[in-house]
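**Q** This is the structure I want to talk about, given as structure tokens.
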Amino acid sequence: MLIRTYSSLWMIGGFVFVVYMGHLYIWAMVVVIQIFMATELFNLLRRSSEEKQLPGFRLLNWHFFFTAMLFTYGRFLSRELVNTVTSDHLLYKLVSGLIKYQMFICYFLYIAGFVWFILTLKKKTYNYQFKQYAWTHMILLTVFAQSSFTVANIFEGMFWFLLPASLIVINDIAAYLFGFFLGRTPLIKLSPKKTWEGFIGASVTTIISAFLLANVMGHFQWLTCPRKDLSTGWLTCDPGSMFKPEHYFLGDWVPQWFPWKEVFLLPVQWHALALGLFASIIAPFGGFFASGFKRAFKIKDFGDSIPGHGGITDRMDCQMVMAVFAYIYHQSFISPHN
């Protein structure tokens, strides 16, 4: 328990520091997390007896991984990359050309990996190699593709990264506390320690926290301003209508003894309720999925990257589900208004 506490404090401290440093550093943190997750999952189906017969085969996994990284981030961050080099004409033309042909380059790299895979096939390891090929693509689809939405959220404004991520942490802690003190009724067979009391208590706590945290975070331009290039300087901007306070007169809606007859709220707080609802009701199923997956493979944790917590993947299951929803919600309901 002591080791777990120390690890948690280090993670929280490191996370706060990276957020303070800015968008580019958070992106770097996400890339490091993705590499750790990929390492843990690649190793899950690895059999040393088979690998000895296939020298260099492990490099193929990473070839596909970095090809997917180049494709995904090239699509998400092309605008920011171009804006960063506009002052240098030669570099601007080079970067613009790379972005123009990025899809072809990535496709060629993928085909190169495909041919590489075919050329490495050996008679006694066909089954193992094709399983690894399929497993690699599953990792890219279910882990890399989902977590990459986090980067898009970061550059839309750290608010859209920090709030969803914080809600998952709050929900996780609240579920543990309510379950520990009040838990009686089992919630799901995949996770015997999860209880209805913990689930409901955490849901209420998360939704309330979403509404309040959105108000606090929404007043800091460092969090609300989108980053339109890859620089690290301080940000100032017009935050848009979502982050401008609106006056609400409570009047007859509250009893006479209630001290506040009027309040100022940010419109984004109402959208935060949707994020809180998803974080408390749907996102936990990412954790249930991971629990079922680990049971299928008869393992306790995906790895041991974090002392007392298991692997990075064990901490990111719900975060990945939440990141995709936050991105889609922002593009559907927030961007049109900005």
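Heads up, the Cβ atoms here are built off N, Cα and C, so glycines get one too.
What TrEMBL records for this protein is below:
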TRANSMEM  12-38  transmembrane segment
TRANSMEM  59-78  transmembrane segment
TRANSMEM  98-121  transmembrane segment
TRANSMEM  133-155  transmembrane segment
TRANSMEM  161-183  transmembrane segment
TRANSMEM  195-214  transmembrane segment
TRANSMEM  268-290  transmembrane segment
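Each of the listed features needs to be described in terms of its position in the shown structure.
**A** Beyond its flanks by at least six residues, the transmembrane segment (12-38) meets 61-62, 65, 69, 139, 143-144, 147-148, 150-151, 154-155, 158, 161-162, 227, 230-232, 302-303, 305, 311-313, 316 of its own chain at Cβ-Cβ distances under 8 Å.
For the transmembrane segment (59-78), same-chain residues at least 6 beyond its ends with a Cβ under 8 Å from one of its own Cβ atoms are 31, 34, 38, 42, 99, 102-103, 105-106, 109-110, 112-113, 116-117, 120, 132, 136-137, 139-140, 144-145, 148, 151-152, 155, 230.
Within its own chain, the transmembrane segment (133-155) has Cβ neighbours under 8 Å at 23, 26-27, 30, 33-34, 37-38, 41-42, 45, 60-61, 64-65, 68-69, 72-73, 76-77, 80, 117, 161, 164-165, 226-228, 313, 316, 319-321, 323-324, 326-327, 330, counting only residues six or more beyond its boundaries.
For the transmembrane segment (268-290), the list of distant contacts is 159, 163-164, 167-168, 170-171, 175, 188, 190-191, 194, 199, 202-204, 206-211, 213-215, 218, 242-243, 302, 313-314, 317-322, 325-326, 329, 333-334: same-chain residues at least six beyond its ends, Cβ to Cβ under 8 Å.
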**Q** Please indicate, using numbers and ranges, the residues of the same chain that are 6 or more beyond the transmembrane segment (98-121) and have a C-beta under 8 Å from a C-beta there.
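**A** 54, 56-57, 60, 63-64, 67, 70-71, 74-75, 78, 81-82, 129, 133.
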